[in-house]
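Comments concern the structure below.
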Amino acid sequence: MAKEKFERNKPHVNIGTIGHVDHGKTSLTAAITKVLAKTGGATFLAYDLIDKAPEERERGITISTSHVEYQTSNRHYAHVDCPGHADYVKNMITGAAQMDGAILVVSAADGPMPQTREHILLARQVGVPYIVVFLNKVDMLDDPELRELVEMEVRDLLKKYEFPGDDIPIIPGSALKALEGDTSDIGEPAILKLMEAVDSYIPTPQRATDKPFLMPVEDVFSISGRGTVATGRVERGIIKVGEEVEVVGLRPTQKTVVTGVEMFRKLLDQGMAGDNIGALVRGLKREDMERGQVLAKPGSITPHTKFKAQIYVLSKEEGGRHTPFFKGYRPQFYFRTTDVTGSVKLPENVEMVMPGDNIAIEVELITPVAMEKELRFAVREGGRTVGAGVVAEIIE
């Protein structure tokens, strides 16, 4: 196999297949690898290779995910596909597989089904920004009017969850036919058409280094003769010596200047996304800062206590709770580097939440945390993880 083809000289995009069980997500994933393999952009992976997804553990949660990579003439893609519905829920909520866009697979024979809806809702809640639709199994429909009806249903459903339903590309085809080598419109050409839509409709994501600087504070030291140093791994952006930053979260926001950046005991002129650094800050004492705060570009992030979230509650088998929880539940919420206690408000018609459930909740923290939409967190009880969540909306 020509290995040297996979050079990282193309923009990289993370995508995944979502949609109802048995609508053809895994067959489509296999078909993409088969069709792109013809131009050397992929290694063909048969259905059963993708379907036997290895289990991974992300924050103590067991998730089965298949990772496939391939490239078009414009881009390099990492593609995730999950065997079971529960795996999708966990994957999207934990952010284990961050998606820049998704391919929603809908069977033309069945139309949108309950998990179609749930995956679109999850995509909205966890911040999957773009969706392209593959209308699968169109060979099972004789009536073109029926296909148009299904297409309209899908567009309406997307609009209901605030996706631009009218503008989203919907590509009709048959993943199975493409796998069989069919060269009619619904076979291999449909897969190529789908990839063109993915290439053009899903924008290249902003690189981590281009985003505003943020570093979660892991520890704070006082170094005699030098001052106060905050250590942590830069989550995004770049910090240059002499730049102003804000210390956000847990206490009133303070401004300071980074007067030095160290890495492996060497002085640098900047730290960037992915670096573990020590940042020397001007005019702050060791007791002015603590783990759980963040250093950030001024104005880029603010502290909040009330937010809406989508959470997945670990099952007993995953080491989660053995019993349900009710309204007024007060666990700790672990954001980045620290736990903050908060109280949970359940949706109106929900009395209790069972282990293994996935639900939208409202949280009020006792101290403010630097947060924004799409921030991931763990739900913990005395240091034990009992759930995973993502901020869907900030209230105050």
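Cβ coordinates are placed from backbone N, Cα and C, and glycine is handled just like the others.
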Correct range for region 'G2' (source Swiss-Prot, candidates 50-54, 60-64, 125-129, 255-259): 60-64
Per Swiss-Prot record, range annotated region 'G3' [choices 81-84, 109-112, 273-276, 305-308]: 81-84
The region 'G4' (136-139) versus listed stretches 19-26, 60-64, 81-84: most Cβ pairs under 8 Å: 19-26
Same chain, 6+ residues apart, C-beta under 8 Å of the C-beta of Gly19 (GTP binding site), given in sequence order: Lys25, Leu104, Val105, Val106, Gln115, Thr116, His119
Distant-in-sequence Cβ neighbours of Cys82 (GTP binding site), under 8 Å, six or more positions away: Gly16, Ala53, Ile63, Ser64, Thr65, Ser66, Tyr88, Asn91
